[in-house]
Amino acid sequence: MSIKHWMSAPIAVATLFASQLLLAGSVLAAENNDRLDPRNDAFEQKHPDQYHSWKATSESKHIEDALSEDPNMVILWAGYGFAKDYNKARGHFYALDDVRQTLRTGAPADENSGPMPMACWSCKSPDVARVIEERGEDGYFSGKWARLGSEIVNPIGCSDCHDTRSEKFNQGEPELALTRPYVERAFDVIGKNFDDQSRLDKQASVCAQCHVEYYFTGPTKAVKFPWDMGTTVGDMEKYYDALDFKDWTHAVSKAPMLKAQHPGFETWREGIHGKNKVVCVDCHMPKVTKADGTVYTDHKVGNPFDRFEDTCAQCHTQTKEQLRNIVSSRKALVLNMKLTAEKQIVAAHFEAGEAWKAGATEEEMKPILQDIRHAQWRWDYAIASHGVHMHAPEVALEVLGTAVDRAADARTKLVRLLATKGITEPVQIPDISTKAKAQEALGMDMEKMNADKKHFLDTVVPDWDKAAAEREATY
């Protein structure tokens, strides 16, 4: 006799329901076991040396205010978030602290307010890869930056660069991985599918998930790399122009501006180190030998001169002092050209602003604004490539030289245009000798911005952390 012949209907339904619950529970358990773990301390036991060296990036506590060092940049980014504040990057340990604390992300009161999109988390946390897996790319990118503040809580770490769920990783191998689908697509565009790359290329590509140029596109403001026409400054400039893309409209000149992110990968590729397959980890994450003979990759990403014998000395025969002098001289050359370009571009912005006031038309201004756009894009591309004076100084100097040329083109046209409007005297530039004076010249209410940010950090962020702790307690 079959079960259905002797089992009553209520019992049958109850049995079926119970079996479904058991099945759902087992599936959920399997999903939880397979979930990407964004917590860096979850890998301390199996990878102690790597974990503790990564945690040592917390030693870079000092914050360097780049706008105070160079107030020109306040004017160059007028109307954009970087004019509010721009601090030099610290260690990976502080990635989340820094993006939460910067004035650029504003002081959102709820998940639907604030100036920035969700994409601004994309390079800051392994939680990004987790959320994309769980919700899809649209489910991650959609909305404002504050929407998933309680989900993005672990700083840059293990699951950003490694397949931490793989058997190889659990056995002690690095098992490098691209953890953002938009990065995989970008490498496919330039014919460098990650799975087909050499070990050295993979080591560089993993870093290129973040140390790279990108922009926000579409209704969700999703991250995309502008590599469709190539990876040089000129290639990407053509790409952006073809799309008629702009990051913002300059508050003084009204030029349609581009903001370079941090194209370290692109400039490295063009420099002597990249061309000779000397990759990021060779200089910034060297293999080191412990007293007991154990060899591991040091995850305290930092200045190669701090570990000279394990980095530079592996290839170079010069002394540490000799190499430091070479690098310092290159840095000085790049800095000098940087300031030269800034002087010209700042003047062009104010002269363009004066032209508008004098009655210039959009048709008259269009070629001038395009020159300003190109000049500042090239300046920004060079200076935003952290360490470019070491990675590719010749690229930096060439690109900055073209920035000066484009700015000169704009100013030459402006002189002629201003003359037709009856303005023949030099345009006066306000006092921008300090960060505060430059921000005041733009009418920025810094006292209010800082007060709003403090309120956000005191009231909103603690709620994010509390919700995250409750969620992660279930892992």
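One-based numbering along the chain as shown.
Note: Cβ is positioned from N, Cα and C throughout, glycine not excepted.
Annotation note: His92 (heme c 3 binding site) sits in a helical segment as assigned by DSSP. Residue density at His92 (heme c 3 binding site): 22 other Cβ atoms are found within 10 A of its Cβ, drawing on all protein chains shown. Annotation comment: Swiss-Prot describes His92, Cys207, Cys210, His211 as heme c 3 binding site, evidence class sequence analysis.
Under the DSSP three-state reduction, Cys120 (heme binding site) is assigned to helix. Here Swiss-Prot flags Cys120, Cys123, Lys124 as heme binding site.
In the structure as shown, the Cβ atom of His299 (heme c 2 binding site) sits within 10 Å of 22 other Cβ atoms. Taken from Swiss-Prot, the feature heme c 2 binding site applies to Cys158, Cys161, His162, His299, supported by sequence analysis.
The Ca(2+) binding site feature in Swiss-Prot is assigned to Glu213, Tyr214, Lys259, Gln261; the stated evidence is sequence analysis. A 10 Å cutoff on Cβ-Cβ distances gives Tyr214 (Ca(2+) binding site) a total of 23 other Cβ atoms nearby, all chains included. Mapped onto three states, the DSSP output places Tyr214 (Ca(2+) binding site) in coil.
Annotation comment: Swiss-Prot describes Tyr214, His262 as substrate binding site, evidence class sequence analysis. Sequence-distant neighbours of His262 (substrate binding site): residues of the same chain at least 6 apart with a C-beta under 8 Å from its C-beta are Cys210, His211, Val212, Glu213, Ala384, Ser385, His386.
Feature annotation from Swiss-Prot assigns heme c 5 binding site to His273, Cys312, Cys315, His316; the stated evidence is sequence analysis. Listed in sequence order, Leu323 are the same-chain residues six or more apart from His316 (heme c 5 binding site) with CB atoms under 8 A from its CB. Annotation note: His316 (heme c 5 binding site) sits in a coil segment as assigned by DSSP.
The heme c 4 binding site annotation in Swiss-Prot covers Cys280, Cys283, His284, His391 and rests on sequence analysis. Packing around His284 (heme c 4 binding site) is summarised by its Cβ count: 19 other Cβ atoms lie within 10 angstroms of its Cβ, all protein chains included. In this structure, His284 (heme c 4 binding site) is part of a helix by DSSP.
For the region 'Disordered' (38-57), the list of distant contacts is 90-94, 125-127, 129-130, 154-155, 157-159, 164, 170, 172, 290, 294, 296-302, 472, 475: same-chain residues at least six beyond its ends, Cβ to Cβ under 8 Å. For 38-57, the entry in Swiss-Prot reads region 'Disordered'.
What Swiss-Prot records for 1-29 is signal peptide, and it gives sequence analysis as the kind of evidence.
For the recorded site, Lys259 (Ca(2+) binding site), the DSSP three-state label reads coil. Here the CA atom of Cys158 (heme c 2 binding site) lies 12 Å from the CA atom of Cys207 (heme c 3 binding site). With respect to their backbone Cα atoms, Lys259 (Ca(2+) binding site) and Cys158 (heme c 2 binding site) stand 29 Å from each other. If you draw a 10 Å sphere around the CB of Lys124 (heme binding site), it holds 22 other CB atoms from the protein chains shown. Rounded to a whole number, the distance between the Cα atoms of His92 (heme c 3 binding site) and Lys124 (heme binding site) is 8 Å.
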